[in-house]
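Quick notes on the structure that follows.
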Amino acid sequence: MSSQWKVILKRSWPTIRIVLSIALLWKATSGIDWKALFESELQLQAQWLVAGGLCITAAFICGGLRWGLFMQRAGFQGSLLGYVALYFSGGLINQGLPSTLGGDSYRAIAGTHLTRSGQLSQEKELAEELSHADDLKQQSPKLRLGFSMTLLDRVVGLMGNNILGGIGLVIGGATLGTWGTELGYLILLVMLGAGCALAFALSYKPLLIWIEKLLARFDLHHALPGIRLAFAWPTNIAQGIFAVSIHCFNILALGFCLKAYGAEVPTEALMIGLPALSLLLMLPISISGWGLREATLASVLALWGVNPSLTVLGSISYGAITLLCVLPGAYKLLKRS
């Protein structure tokens, strides 16, 4: 592919994702019998939406604190409060702001410029780095370190997501079929086994030396303290519990949004549906899951007898509340502008 086509695709991809999101959302809502829904005298219980918003906010704060601790361990000087603010800004970008830069890339770059006072230093250099975020080969060691800690945060979050999904399959996987429970045990075995293997590698001297050499090859000498915080014994236990807890907040939030419309959803159904959806959202085919989230959850939760119409309404509310919860991140973006 020529460089010109790459530039065109990069600039048009956000628009393509918006179109795909609208198409998926239309597909998810087209099957709703709105007349029957309104005639059923559906009553919205707003207090559950408020509870969902509090859970989503708590998840973002906890995620920002975890990422901030990784950045600090790598030697960056920003305050935890500043990293949490950047985490919200990244979340807002991921919600579909018209930008070719992803939220993770934004916070990875901006996080390297964060000062103890919570301000962003070297504004001119920061603007230049943000405009060339995709040129990995030209990045300085400092930027590569910022990206590595952001990737580390994502990996820990992914492991927590998979562990929670595995537990959900063990509890309620039989609803999917005889393979559901077995898959749950397999996922837990793989995730916990990977955690144990990483902890062993960080404690066994020959393997640790090899890891240090590998990091040095990519000019990531200072990444090891962050990796230790994530995977070394015994902090890996705390990280695992914390990662699962963050995803529990999201599951509670979705459950509350569904409950606001009168839908009673088994906890294990949410523990299976939302982690599976999180894996699907790694594919850049929709804006922050809009459309894909509604279609997927409606199909999955229907296996537990949940009305697809209520699922779509609850899912749309979940997405809208998530957007409202990350709006404080606009302050950091507007201030820099």
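Cβ coordinates are placed from backbone N, Cα and C, and glycine is handled just like the others.
Whatever TrEMBL says is automated annotation, not expert-curated.
The transmembrane segment annotation in TrEMBL covers 47-68, 80-97, 155-176, 183-204, 237-258, 270-292, 312-334.
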Counting Cβ pairs under 8 Å that sit 6 or more residues apart, are there three or more between the transmembrane segment (155-176) and the transmembrane segment (237-258)?
yes
Out of 47-68, 183-204, 312-334, what stretch is closest in contact terms to the transmembrane segment (80-97), meaning most Cβ pairs under 8 angstroms?
312-334
Go through the chain and flag residues at least 6 beyond the ends of the transmembrane segment (312-334) whose CB is under 8 A from any CB in it; none is fine as an answer.
25, 28-29, 32, 49, 52-53, 56-57, 60, 85-93, 95, 110, 253-254, 257-261, 263, 288-290, 293-294, 297-298
Tertiary contacts of the transmembrane segment (237-258) (same chain, 6+ residues out, Cβ under 8 Å)
48-49, 51-53, 55-56, 58-59, 62-63, 66, 156-157, 159-161, 163-164, 195, 229-231, 265, 267, 270-271, 274-275, 278, 297, 306, 310-311, 314-315, 317-318, 321
